[in-house]
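Reading through the structure tokens given below for one structure.
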Amino acid sequence: MYYKSNLHKKILTKNKILYLIKKYKTPIWIYNADIIIKQIKKLKKFDIVRFAQKSCSNIHILKLMKKYNIKVDAVSLGEIKRALIAGFKPKNNNIVFTSDILEDEVLEKVIKYNIPVNAGSIDMLKKIGKTSPKHPVWIRINPKFGDGHHIKTNTGGENSKHGIWNPKQALSIIKKYHLNLIGLHIHIGSGVNEKNLYKVCNAMKKYSIQLNEKIQFISAGGGLNIPYKPEDKEINIDNYFEKWNETKKIISSILNCPIELEIEPGRFLVGQSGILVAQVYSVKKMGKNTFVILNAGFNDLMRPILYSSYHKISVLHINKKNKKNSPTIKCIIAGPLCESGDIFTFKKKGLIFYRNIPKVYPGDYIIIHDTGAYGASMSSNYNSRPLIPEILYKKNKFKLIRRRQKIKEMLNLETSI
Ligand code: LLP
């Protein structure tokens, strides 16, 4: 069995992947722009779609988003710079800075470019108010409940550090410093479905009415989940939009001002577009367990070790003989890092689990699917392993959009002092 998925049909064929492997070696990330574009189109009813670039912050991906009129969110100075380099003009609310703190260097940049600040703390509002009165701001509200695919990605309620607990207090600071309140934002977590939709929309209504200020935007946040497991269902976007659109209309009529509805997804736009290709280097028996060890580890893809996330895994055999004599094996798929937790197959709660895959041999390749979101962007240099290449398939061509980091470059921070 080699790489098969309806989403990537005819594009990421075995031969094309083998060609890329020959050219760039492994491990590599490959993204398919057609899938990103398809996902963008699903959200076309929303007035504004803002890409949460933390999910996949490569400048070339940002350029693609811009081409399709997607706006962008930035959560650090680095992300602001990425957005500017990708060509986002910091006017018309194109870039919004969202955080719970405002570091000095960020403050300087948001003032310089008049980038709206989506404030997740009262301290942020005070800081921007003292330095840049009239600055455009959003209030990021913590609605006192949250959701997410994992407790670590739930951003609401008192166990979350995110957002403002008391929006009225935020408003009084906004008034004190004559800041320009342009929007209200609620993001309850990452990896959400329609379960809390009604509740979130109601919360947005409640806070908009309570604050009773003429705003230009409401944001439904991001967090839309994607199907990772075969049994996972796609989120019903039409329903999602309808509920939010109704909410927008009600708020707009109560506040008596036009309002634009914004959504801020990361994973939904890029998750399914990406795969991670790695090579099998060892297949070893440890008592009753078989470990398949790859040349990609949790320094590349952190989601499994961090959240016990499931990613579909398939096999690309290097020769027909391997493929033919390929009974299924029950194995644990692991990376090369010097750490026992360097495993890609976990059960919920972090227990190591098995995956049934066609029998593999050293030299074969493994494909880890749906890794376009929070794959490359969360990679690290742990075990002093360099960042790996990213390749984008677009307009019938594969383009290298990040080359492999050289070990020398990695060490340069220490050797060049
Ligand atoms: N908006 C805000 C304010 C956020 O904090 C996030 C994600 C998003 C939008 C986008 O969420 P998305 O649509 O991508 O789910 N590393 C985790 C996800 C952490 C998300 C952090 N914030 C993962 O791999 O699942």
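Keep in mind that glycine also has a Cβ here, set from the backbone N, Cα and C atoms.
Annotated substrate binding in TrEMBL involves Arg267, Arg303, Tyr307, Glu339 plus, out of the candidates Tyr240, Tyr361, Tyr365, Tyr374, the residue Tyr374.
Record check, TrEMBL: pyridoxal 5'-phosphate site residues include Glu264, Pro265, Gly266, Arg267, Tyr374, and the candidate from Gly163, Gly183, Gly189, Gly223 also listed there is Gly223. Distance noted between the C-alpha atoms of Glu339 (substrate binding site) and Glu264 (pyridoxal 5'-phosphate binding site) is 35 Å.
Within 8 Å of the Cβ centroid of the pyridoxal 5'-phosphate site, not counting the listed residues Gly223, Glu264, Pro265, Gly266, Arg267, Tyr374, the chain contributes Ala52, Ser55, Ser190, Gly222, Leu224, Phe268, Leu269, Ala373.
According to DSSP, Arg303 (substrate binding site) sits within a helical segment. Sequence-distant contacts of Arg267 (pyridoxal 5'-phosphate binding site), defined as residues of its own chain at least six apart whose C-beta falls under 8 angstroms from its C-beta, comprise Ser55, Ser190, Gly191, Gly222, Gly223, Leu224, Asn225, Ile226, Ala373, Tyr374.
If you measure from the Cα atom of Arg303 (substrate binding site) to that of Lys54 (N6-(pyridoxal phosphate)lysine), you get 14 Å. Among the recorded positions Pro265, Arg303, Cys338, Glu339, Tyr374, the residues whose Cβ sits under 6 Å from any atom of ligand 1 are Pro265, Arg303, Tyr374. Ranking the recorded positions Lys54, Arg303 by C-beta neighbours within 10 Å puts Arg303 at the top.
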